[in-house]
Amino acid sequence: MTSHTTSSNIDNVLHETRVIEPPAQFAAAANLSREDYERLYRQSLDDPDTFWAEVAGELTWMQPWTQVLDWQEPHVKWFVGGQTNIAYNALDRQVALGRGDKRAFIWEGEDGEVRTFTYAELLREVKRAANMLISLGVQSGDRVTLYLPLIPEAAIAMLACARIGAVHSVVFGGFSVSALSDRLNDAQSKLLITADAGYRKGALVPLKANADAAAQNVPSLEHMLVVCRADCDAAMQPGRDVWWHDALAAASDGHQAASLDSEHPLFILYTSGSTGKPKGVLHTTGGYMVAASMTMQTAFDLKEDDVFWCTADVGWVTGHSYTVYGPLLRGATAVMYEGAPNHPDWGRFWQIVEKHKVSILYTAPTAIRSFMRQGDGYPNRSDLSSLRLLGSVGEPINPEAWMWYFRVIGGERCPVIDTWWQTETGTIMLTTLPGAFPGKPGSAGLPMFGVEPAIVTREGTELGPDEGGYLIIKRPWPSMLRTVYGDDERYRKTYWGEIPHVYFAGDGARRDADGYITVVGRVDDVLNVSGHRLGTMEIESVLVAHPSVSEAAVVGRPDDLKGEGVVAFVTPQSGYVLDPAAIRAHITREIGALARPDAIVVADALPKTRSGKIMRRFLRQIAAGKEIQGDTSTLEDPSVLERLQAADLL
Ligand code: 6R9
């Protein structure tokens, strides 16, 4: 098994034996006890129809389903024949339940501006936005791409799409022109919703200019809706571009949510895979809604007066499920923060926690490690006593960061839940329920309801306690991806074709004698940089498109802060001199700053087998500054390795 996860992380996790019992006060008030979990988990596997019917029954359906599950591997339908609307359940239903005056969102801009929306206000905005989309010709089933900063309009646009049955595809605002253009074309989007600009560390990101450049090669695109976030200084193309505020002002606030089939597509979200082209992961309405609502309630032990802050941008799946849909489906108050964690300094998160009295904080290990590096001074300057629960997501959390989070941020009063899941799984799959089970630093823990995981060999044989292998899921769950948009064959092969009849997660993991699963990292050519997935092939194909590059190989190397860093090995095209600055600029332009290599090694050749296959295993060792280990005899020219080891990291 090849794992790219930082070896120091793995070593730490392997030697970790601490068990942190749930703080007594938290446990006493927890929604679910250990016995509840065990009973409900058993029921969710033994009698899924009853379990899911009960959970789904907490939400509003315009037409009841006739069958809970229809599984024809690899295709699944949940709540078959049912009709519902996730935006209705997130908003209209909350107002009907008496939460009209409760705060739905507290948004804070990087510049300190605060906007709040009650459920009634948010519903009104979403109804108007739904009418605005209709007036621009958007119909049920059409794709709408969002390229926005983390501002309330991002959530409003998502909910408005869902309300009329349009399929949203959110592209992270940090992605490049060509990444946006590829995603617009793959989804054949009719409408692009963007902003004049976005704020990042005090500077302006020119979103509209990027959107204009991306739109040049997108034949399907009819309109662009532009939110004014900065100074409304954007070139508008007559006939195509419309200001959000103008169109919204003209739209009526009367709108009835569409009654949609349970399997009606809800969103596409692109994520990196092992090949060059990102996958459009498709999620549908009913199952996703039920799982988002259920996991929000159980994993986060949600209470009526919680203030929930998931720090993820809506450009990632975490932002879909726990910044927007999950909290609203449970009628919670959610915090949204637009900017960087270190703007104007590393105390920003803690000031936000104090100011808005955040009770549940959900963030990524890479952020926790950055905070840790800045010392205890920043968090100690703020009153963090409102916090009662802490969550982690996106990559393995090293036990040191876990303990720091628990001790310094949570004051040893707040349980820490480590949640493992993926864009493809839609919602949380592994975590130990806080209050019901002790936490083990570094280990995500137990399966959520309805999730049947196993650790297996490449052949699919189940492994025993503490044996490392491949993480698989043995049966479908409601928020499972339904396909790869436009490429069902890739869906079948990637997820159901690696090991017969099980879902292949692409992660390596172990399970201990208590059933806790520790996920150690990807087993495919996917890097996890600061919790974001990047395909090495994706970066390589961009590298070789540069005129000065002949061949390229990209690997990850352990990085204390980011988890993994990107190292690019490149050989020059004859007659060219490789300029690392130009290469970095090229990657930033073509993919985004996230993929910019931390180190570039210019080489005269790459280590290849006689059949021409690049041996990335050796490159990983070189990138990590390690001794070369393993059989080098299959290499066509083993001396390449010595030259690479002697080369400078640029
Ligand atoms: C939600 C999200 C998914 C990949 C996944 C795994 C890694 C996420 C983790 C974790 C260890 C955790 N990952 N959570 N690894 N422990 N708690 O992050 O989705 O962006 O699709 O990434 O992230 O490698 O396969 P996504």
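Backbone N, Cα and C atoms are what each Cβ position is placed from, and that goes for glycine too.
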Candidates ARG381, ARG407, ARG533, the one TrEMBL lists with GLY394, GLU395, PRO396, ASP418, THR419, TRP420, TRP421, GLN422, THR423, ASP507, ARG522 as binding ATP: ARG533
Surrounding CB atoms that lie within 10 Å of the CB of GLY394 (ATP binding site), all protein chains: 23
Entries of GLY394, PRO396, SER530 (binding-site residues) sitting next to ligand 1, with Cβ under 6 Å as the cut-off: GLY394, PRO396
Among ASN342, PRO396, HIS546, the most crowded of the binding-site residues [Cβ within 10 Å]: PRO396
Inter-residue Cα distance where the pair is GLY394 (ATP binding site) and ALA203 (CoA binding site), in Å: 26
From LYS201, ASN342, SER530, HIS546, VAL549, the binding-site residues whose CA lies within 10 Å of that of THR419 (ATP binding site): none
Inter-residue C-alpha distance, VAL549 (Mg(2+) binding site) and GLY394 (ATP binding site) (nearest angstrom): 32
Distance, LYS613 (N6-acetyllysine) to SER530 (CoA binding site) (CA atoms, angstrom): 29
Structural state of VAL549 (Mg(2+) binding site), classified by DSSP into three states: strand
